[in-house]
Amino acid sequence: MLFKILRQYLRRIMRNYKIYAVSILGMSVAIIASFHIYHFVYKELSVDKFHEKRKDIYRLVNNSSNTNTQSVTTFLPVGPTLKRKIPEVKNYSRITTYAEPHKLKNEAGIELKASPRFTDPSFFELLNFDLKEGSLSKFADTPNGILISEKLTNGLFGSQNPIGKQLIISKYRGESKWSLEVVGVLKNIPEESTIQGDCFINNESLEILAGKGYEIRPWNYGVVELFIHAPDIRDLKEFTEKVKNLTVDEANLMRNPKYPMKIEHFDIEFQRLDKMYFHSTNIREQKNKGSLQFVKIISIVGLLALLLAISNYIVMNLGLSLTRVKEFKIKRYLGTSKKQVFLQFIIESVLNAMVCFALALITYPLLSKAIAHLIGVEYHLKLEKDYILILSFLLIILFIGFTIGVFQYFLSYHSVFSINKTQTSNSWMTKRVLINFQLFLFIGLIISMLFIRKQVNYIETKDIGFNFKNVLGVIPDKYGEELKNELLSKSYVEKIAGGQTIFKTEYRLDDVTIQSTQEKVKSMIVLGDADYLELYDIELLYGKTLNTSKLQTFYNWTGNLVQRNGTVEVLVNEEFVKRANLKNPIGTPLYVNSNSVIVGVFKNINNTPLYESIQPIVIGYDFSFFTSMFQVRFKEGYKSQVMDDIASVFNRNNASFDYIKDFIEYIDYEDIYKKELQLKRLLEAFTVIVLFISILGLVAISLFITNSKTKEIGIRKVNGATINEIMFMLNKDFIKWVVGSFILACPITYYVLKNWLENFAYKTALSWWVFALAGAFTLIITLLAVSWQTYRAAKQNPVKSLRDE
């Protein structure tokens with residue numbers, strides 16, 4: 001029987017291949033999109049899941065009231081102290097990650113760039129990073145031991161056995177070098193890991209790394225990230241309070257006499273390892289981070305795509321089912337049982353779903369780059385590694401095929417097994433519900449896409465008070481003067497100014513004291529010299545710019561020691577004047593790490609992403625701290641030339657440009673608003689998919705309507721109805737559906753978008769015309785999709801249609 005059904009299935013496809021192709025096309029598009037989304041979501045949710053103890057491992061996170069971010073660094077002895085004095089802590093490991101790249105050189109002189117991680121040997125007891133060769137006990141017993149990745153091993157040693165070999169590690173800048181012994185080779189860390197690294201060095205080498213004359217003392221050195229293994233924690237809040245109190249007591253008891261400042265408060269929290277990837281947005285660190293909100297959004301998109309595929313397939317097959325009803329009735333009269341009819345529905349639906357699944361696999365390599373551009377992440381599909389992912393999605397597709405078959409069977413049951421010729425209204429009601437769902441989804445997507453585009457356009461065009469385009473922030477190391485002269489000799493370099501990059505995604509707010517009232521204003525301190533405002537096109541409202549001839553003792557960005565006498569001059573923005581309640585700000589004495597005076601007020605600027613409101617800003621160049629960075633403004637299109645010019649200065653001095661290149665700051669609009677741009681691209685792509693599938697569904701249902709009303713159309717034409725009247729009669733149901741879907745979609749979409757816009761301090765208005773435009777566009781598309789079919793039906797000769805009836 002199964003073979004017979006398969007043969008009939010293939011025969012029907014060959015006879016009606018055009019209808020079959022159209023029927024399967026919409027479902028295939030939706031399932032292909034769903035498969036890519038499923039792959040992304042599966043991979044994102046798999047991050048760090050390979051660590052067996054992930055739910056019992058916590059890392060310490062520092063909170064600060066002065067910054068908009070958190071940090072994960074703490075003091076060296078916190079881990080040992082917790083293990084010794086708190087029973088819940090069974091083990092710990094510290095890891096230090098340096099932003100500065102290093103060089104690894106083997107005995108043959110082969111040199112590679114590396115990103116070292118300094119850690120305790122217990123790190124590999126807590127986390128599941130496996131060794132390919134070597135011994136962890138050897139790593140623990142060797143103070144200068146190093147574990148290197150397979151990739152580094154291949155680059156440095158090729159096919160040779162690296163165990164026991166010596167490597168020289170050094171910073172890209174600085175002369176300090178030291179020898180390390182390779183004690184093991186790590187398997188390459190999976191891409192599904194938050195923690196990455198190509199080499200791990202025993203923590204006992206930390207003091208060597210710090211450099212000559214730098215003391216690493218227990219409660220003085222605070223750049224380690226701490227992980228603890230605490231499987232017995234019952235109340236995390238209570239445990240955290242216990243750690244806070246213990247740490248403050250121990251730090252004050254054991255602090256270095258050279259640094260007598262007492263610690264009053266230790267504001268920390270603990271983050272579980274399996275929460276790191278999705279819940280570290282505000283943490284300053286060099287780790288992979290995911291967006292749970294984006295995963296939820298794209299999961300909803302994938303689910304809607306599957307629902308769309310199911311609804312469209314049912315609509316199209318029910319719309320073309322009149323001839324099949326006759327087919328099944330003939331089979332029924334010839335003795336076919338209900339079970340056999342049910343099985344035929346199931347097998348055909350499952351086979352169609354399998355065809356869609358096969359198309360998804362075949363087209364995956366062709367579409368993966370385009371999908372990666374939409375979602376911002378590229379994951380590679382490998383059969384030997386991702387077979388569970390593929391099989392799980394196959395099971396979903398088989399379930400969908402089975403469900404569709406069951407649904408079609410029950411919808412067609414009355415038509416097939418009823419003795420009377422009258423048809424049930426179930427099929428008609430189902431079609432209405434499904435087509436309304438498609439129209440509702442399409443209208444909602446159109447509205448959402450238009451508003452997100454409107455908000456993104458608002459962000460792009462809003463006057464933020466300064467011009468950050470075509471500006472590079474450069475750390476010149478000790479070649480500041482030479483670099484300045486080199487760049488200023490180029491016609492495409494317009495301006496150079498000393499100071500930090502003005503735009504901040506991460507910032508801190510420090511107390512600035514108004515000396516006359518002792519009032520403190522939390523402000524962003526920005527380092528910039530006399531040319532700083534001009535370089536960024538910041539408008540000075542009143543007062544004057546900074547006078548570099550009145551600087552005190554400091555190291556300027558060229559690396560030279562400058563000695564001057566006088567009070568520090570500063571510039572403040574309007575927001576600072578407002579919060580400090582200054583009526584005549586010019587000449588107001590401040591304390592900003594040193595005695596200062598306001599000499600000018602500049603216009604408010606949005607120097608943080610538009611999620612946040614404007615903060616008070618103080619710009620100066622002669623505080624008790626300094627920056628070695630300077631800013632370069634160049635003409636449009638000359639970024640690569642400026643980079644080449646900077647590299648040439650370093651090459652002339654036999655210095656590595658790789659170090660500086662990693663720390664060049666360039667404000668990239670797409671990086672700042674990456675989430676919004678991803679969402680915009682995703683909705684645009686999904687809207688096109690929904691539009692395509694909806695048109696197929698509308699064509700199918702218009703075909704069903706015209707076929708089911710053939711007799712009525714013929715009678716109306718015989719009675720004198722015009723083509724326009726017939727078309728209006730056939731199209732009015734579609735107009736009602738669009739209006740109904742529009743009324744339902746508007747309030748829901750308004751609520752969702754209103755909540756989304758709350759993320760922004762500066763946002764566009766939810767204009768009524770966008771809703772109207774979406775409704776009008778949907779109505780036009782709907783009428784265009786169905787009118788060609790209704791026009792054909794209206795022109796048909798009534799004699800022929802009545803004869804057929």
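Placed from the backbone N, Cα and C atoms, the Cβ positions cover glycine too.
According to TrEMBL, the features are:
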type     : residues : note
DOMAIN   : 21-244   : domain 'MacB-like periplasmic core'
DOMAIN   : 300-404  : domain 'ABC3 transporter permease C-terminal'
DOMAIN   : 686-798  : domain 'ABC3 transporter permease C-terminal'
TRANSMEM : 20-41    : transmembrane segment
TRANSMEM : 297-320  : transmembrane segment
TRANSMEM : 341-367  : transmembrane segment
TRANSMEM : 387-412  : transmembrane segment
TRANSMEM : 433-452  : transmembrane segment
TRANSMEM : 685-706  : transmembrane segment
TRANSMEM : 734-753  : transmembrane segment
TRANSMEM : 765-786  : transmembrane segment
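For the domain 'ABC3 transporter permease C-terminal' (300-404), the model's pLDDT averages out at 80. For the transmembrane segment (387-412), the neighbouring stretch richest in Cβ pairs under 8 Å, chosen from 297-320, 433-452, 685-706, 734-753, 765-786, is 297-320.
For the domain 'ABC3 transporter permease C-terminal' (686-798), the DSSP counts in helix, strand and coil order read 96 helix, 0 strand, 17 coil.
The stretches the transmembrane segment (20-41) and the transmembrane segment (433-452) are not in mutual contact, being linked by fewer than three Cβ pairs under 8 Å (pairs 6 or more apart in sequence). Across 297-320, 341-367, 734-753, stretch 297-320 shows the highest tally of CB pairs under 8 A with the transmembrane segment (685-706). Same-chain residues lying 6+ beyond the ends of the transmembrane segment (734-753) with a Cβ under 8 Å from its Cβ atoms: 432, 435-436, 439-440, 442-444, 447-448, 451, 698, 702, 766, 771, 774-775, 778-779, 782-783, 786.
Summarised by DSSP class, the composition of the domain 'ABC3 transporter permease C-terminal' (300-404) is 88 helix, 0 strand, 17 coil.
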